[in-house]
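> Sharing a structure, written as structure tokens. Questions coming.
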Amino acid sequence: MKKIIRVWDLPIRLFHWLLVLCILGSFISVNIGGNAIQWHAYFGYSILCLLIFRIIWGFVGSTHARFTSFLPNKKSIQDYLQGKSSRVLGHNPVGVLSVFALLFVLCVQVATGLFVDDEIAFQGPLAKYVSSSVSSFLSEIHEGNQVVILALITIHIAAIWFYKKFKGENLIKPMISGDKEIDPSEEAKYLPADLGRASKDGGLQRGLALVILSVIAVVVGYFITK
């Protein structure tokens, strides 16, 4: 009988899939152009709220959502690449680098987007506080960074396929259900301590996440409409 362990709490799962939808929506809307650029801005503001939430949840969230639970070091990365490390319930050392890289470029994207001014259809809420040359420079970064985001997303998807195809690990299912199913024959590949570190995912955690996200949305909404 498979051992079922809660790894990803509901707030993390909702963050992940809402981020996917917002990124997809932002790419579609910016390529449509015209009046759709306003939707691009809405998706951008939503991504900003989600990123702030993820950073906060990385300190106060459940076990596997906390940054302290998966911060990599040189040795852990080397051991993983050499196949010497045990399996992990959450992010593996190399996967962590991908996660941090994607979060970083998304932060760059939303930050620069706040200063964009195309002088036609859209002006970011902070564009009025900088010179036109600075706004133009940040707009170029905002546009060029799209390629980096697409590249990292492609790598992310390729890694998911690789783990499913060659390692027999379904990384998508746990991000939907929250649970990781471990066959008894596979338990020895995990550290015993890791198998006992299930994430809390009760009403308290979910309520806290809702309060945090609500406060973030109100604060962000205030500043972008100020």
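Backbone N, Cα and C define each Cβ position, glycine as well.
All annotation found in TrEMBL is predicted automatically rather than curated by experts.
Grabbed the feature section from TrEMBL, which reads as follows:
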DOMAIN    7-178  domain 'Cytochrome b561 bacterial/Ni-hydrogenase'
TRANSMEM  12-33  transmembrane segment
TRANSMEM  39-60  transmembrane segment
TRANSMEM  94-116  transmembrane segment
TRANSMEM  144-163  transmembrane segment
TRANSMEM  207-225  transmembrane segment
> Six or more residues out from either end of the transmembrane segment (144-163), which same-chain residues have a Cβ under 8 Å from its Cβ atoms?
23, 27, 95, 98, 101-102, 105-106, 108-109, 112, 169-172
> Sort out the residues at least 6 away from either end of the transmembrane segment (207-225), same chain, that have Cβ-Cβ distances under 8 Å to it, and list them.
9-11, 45, 48-49, 52-53, 56-57, 60-61, 114, 125
> Taking the domain 'Cytochrome b561 bacterial/Ni-hydrogenase' (7-178) alone, what is its mean pLDDT?
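Across the domain 'Cytochrome b561 bacterial/Ni-hydrogenase' (7-178), the average pLDDT comes out at 93.
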